[in-house]
Amino acid sequence: MWRTRTGDDSVSPHTNGETVNEATPNELESTISEPESPLPVQNKPPEQVTIEVTTTERETKPEPQQPTKAKKNPYMKRTASAGLRAGVLKTKTGNLKEFFSLGKKLGQGQFGTTFLCVEKATGQQYACKSIAKRKLISDDDVEDVRREIEIMHHLKGHPNVISIKGAYEDAVAVHVVMELCAGGELFDRIVKRGHYTERKAAELTRTIVGVVEACHSLGVTHRDLKPENFLFVNNEEDALLKTIDFGLSIFFKPVQNKPPEQVTIEVTTTERETKPEPQQPTKAKKNPYMKRTASAGLRAGVLKTKTGNLKEFFSLGKKLGQGQFGTTFLCVEKATGQQYACKSIAKRKLISDDDVEDVRREIEIMHHLKGHPNVISIKGAYEDAVAVHVVMELCAGGELFDRIVKRGHYTERKAAELTRTIVGVVEACHSLGVTHRDLKPENFLFVNNEEDALLKTIDFGLSIFFKPGQKFCDVVGSPYYVAPEVLRKYYGPEADVWSAGVILYILLSGVPPFWAESEQGIFEQVLHGDLDFSSDPWPAISESAKDLVRKMLVRDPRRRLTAYEVLCHPWVQVDGVAQDKPLDSAVLSRLKQFSAMNKLKKMALKVIAERLSEEEIAGLKEMFKMIDTDNSGQITFEELKAGMKRVGANLQESEIYELMQAADIDNSGTIDYGEFIAATLHLNKIEREDYLFAAFSYFDKDGSGQITLDELQKACEEFGIEDVHLEEMIQEIDQDNDGSIDYNEFVAMMQKGNPQKGNAAGVGKKGLEASFSIRFREALRL
C-alpha cells in the first residue's frame, strides 16, 4: 500500500486551496504520525521454507529483516520527556535562528511544518520545513530524513527541482531551508488561468517527465509524483514549475531487464506469516488510500447541471471554518461587493455514490427552504475540477449560546422568543417535507452582531426529504439532542421536536436534561432517564415553561407535541405567559461551561493516551494493528467498518461514521494511533496522578505551574481546534480567579463528571465530541 509520510508538506502558501493561519515557530508538526516499517512480528526462531519467486522480485526487493531484531512500536509517538534523538544529521550544523528569521506557517504535513523564513544577511525569502525530532521514532525514520536531504543536494541545480539552501539541527527539530515556491500548485494554476490548450498540456508534460528523466539518470526514483508535488515559483505567467517533496524518494541501482526465471530462495516463516497472499490479477482492486486527482479520476460531475466558474463571480478570502468534508471561506461577489460564505467540498473526499448524493441533497434542500427568514439562504452552487462550492448567506453574529453569554442578561421571555424561532424553522421544514435530523445550538447562528439580528438555521448535511408516515433507521445526530426513537432506529420528523425540546431545557437551565460521563451513558439517560425539575433554577421557572418542556420531551413520538402544537402553546406565544424577569445568573455560567469545557478535557485525554506504557496499551495496540490492514498508521472509514465487522460489532454504517468523527480529533478523515488509543482508553487512566501531571505539563509550556491564556491558545492551534472561547474556559476552571489554571484546578476539572460542576462530557462541535471511550470500547469488545 501507499505510504504518504510527507505527502502534504507543501511549501506553497496554501494547501489544497485553503487559507493558512499565522503560526509560531514552535508549531512543528501535526499530531498525526505514520509508520514506514512493518508491524512488530513474533520473536521466535524462524524455520526455513522454500517458495518460488521470480528474479525480478529477488533483484528489486530488499533483504528480509531478521525477526530477532525486534523494533519498537512504530506508531508510538515520543515526546520530549521520552527522549529526543541527540543527533539526526551526520555533521554538526549552526543554529537556524542565527541565520534566518521564521515567519508565518505555509503548510502542514504529517511529520513537519513548513514556515516562511527570511535570511538575515540578505533579506531573501525561503521556505523552511521543520521536522520534529520526537516524531523520528526508529533508525529508519532518521535515515529517511538524511536521505531526503542528500537527494535534494544530489539533484540541486536542475531548473525544475526545488533548490535546497541548507539543513540545520537543534534540540527539537531538523530544519530544511529551501527555495520558496509561492505560485501555487499545478492544477490550481490551470484552473485559475481559465484557458488551457493541448499544447500547454504537452509543455507541462515535458517539464514533468524531464524531471523524471533527470532523476533516473542520477540514480533516483521519486516514488510520489502527483500534482500536489509540483509548484510554481511565483505568480508570473512564465514562472518555473518545480518538483518538491522527496520524502519518499530513494537511490537505486540499474538491474538487468530480462524475462524472469523461476528460482528457489530461502525465507523465514515469519516473513511467510506476515506477508499477505498475492491478489489474483483477475480481481484487481483500486487502492482505496490513493488520493484521486483530476488526472487520476476525480468525479467528472457532482452537480447534475454544468455551472459557471466560481472565481468568475466571487473572490475568496480568509478561512472561516473547517469541517470533515469541506472548508468554509469568506467570499465577496465581484459585481456587488456583497460578502458571503463559501463552503468548498473537495471532490477527492467524495468516495462513494452516497457521498455525492449527500452533497446534491443538501444543496437541493437549501434551495427548497430558501426564502424562510430563519433559514440560511443559498446564493448558488458551483463546480470546478477539484471542488463543489456552495455560496450562502454570511452569518457573522456568532452562535446561539455565545450570544446569550455575551449579552449577560437573559430572561424567560427571551428563551420563549428563541424557542419560537427554532420551532418555527422545524414547523416550516416539516410542512415542506424535510426533517433536519441534527438540531443543536451550534447549528443556529446570528446574521450579525446587532441586537435584533435574525437567528438562522444552518447545516442541512444530515437533512432528508420524507413522506407522511415514512420512518428512518440510520442513527444520526448529536448525543445530547438525539431522540430516543432515533436510538431505537425507527423514527420520523418528530425527532426534531425532541431536539428542540432539549435546546429549550438548556436555554432555561444551562445544562442538558440527560447527561452522563460517556456517550453510551448519555444514550441510556435519553432512553430511560427522568427529567429534573427540582434542582436550581427550575423552582423559579414558570409552570407553563415546564409544561412545554415536558410535552416536547415525551418519549413516545405519537404523544409528543408536533412543531405546530408547540407554536400554539401559551408560553411560546408573542406577549404570552413567559416571565420577563432575569433568569438565575448560574444559567449563564453553565452555558459557558457547556460550550467550552469539553475541548480542554479532550485535548488532555489525548496527551495522556500518548504517554501510556507499552504494557498498558498492548491490547489496544494489537487491536489497532488488526484494523489498520494496510499498515499505514491511519485507520480509514472502510478499515474501521471492516474491523467492527470482524469483532462482531452490530453497528449501522452511520454509527461507525459517528465513532470515526468522535475519535478523529484533528478532522483529518482518518484515525491515527494516538487518536485510537485516546478513543479506546479506559476512563480510569485519567485518575492516575502521573498521567494528570504529564497532561498538565504538556499545556504548561514554560513550566511555570500555571496554564496561561497564551499557552492554551497554542495548544488549541496544535490540535487544530478553532472557535474556542478561551477566556470563558479559563474562568470556569480558575477557582482562585488569578487568570490562569494551576495544577489543582486542572485535576479538579479532569475529575469532575457532574455537568453542574464541570460538565466532563461537554457538547459536540462536530456531532459526537462527548466522551466516547465507553462506546468505542464496547463496540470493539474491549
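A Cβ is built for glycine as well, from the same backbone N, Cα and C atoms used for every other residue.
Per TrEMBL, region 'Disordered' is recorded for 1-74 (among others).
Among the features that TrEMBL reports, compositional bias 'Polar residues' is placed at 12-34.
The domain 'Protein kinase' annotation in TrEMBL covers 100-330 (among others).
Taken from TrEMBL, the feature region 'Disordered' covers 269-288 (among others).
Annotated domain 'Protein kinase' per TrEMBL: 314-572 (among others), in sequence order.
DSSP classifies Lys347 (ATP binding site) as helix under the three-state reduction. According to TrEMBL, the feature ATP binding site maps to Lys347.
Annotated domain 'EF-hand' per TrEMBL: 615-650 (among others), in sequence order.
The domain 'EF-hand' annotation in TrEMBL covers 651-686 (among others). Confidence annotation: the domain 'EF-hand' (651-686) carries a mean pLDDT of 66 in the model.
Per TrEMBL, domain 'EF-hand' is recorded for 687-722 (among others). Residue counts for the domain 'EF-hand' (687-722) under DSSP, split into helix (H, G, I), strand (E, B) and coil, are 22 helix, 2 strand, 12 coil.
Annotation source TrEMBL lists domain 'EF-hand' at 725-756 (among others).
All protein chains included, Lys347 (ATP binding site) registers 23 other Cβ atoms within 10 Å of its own Cβ.
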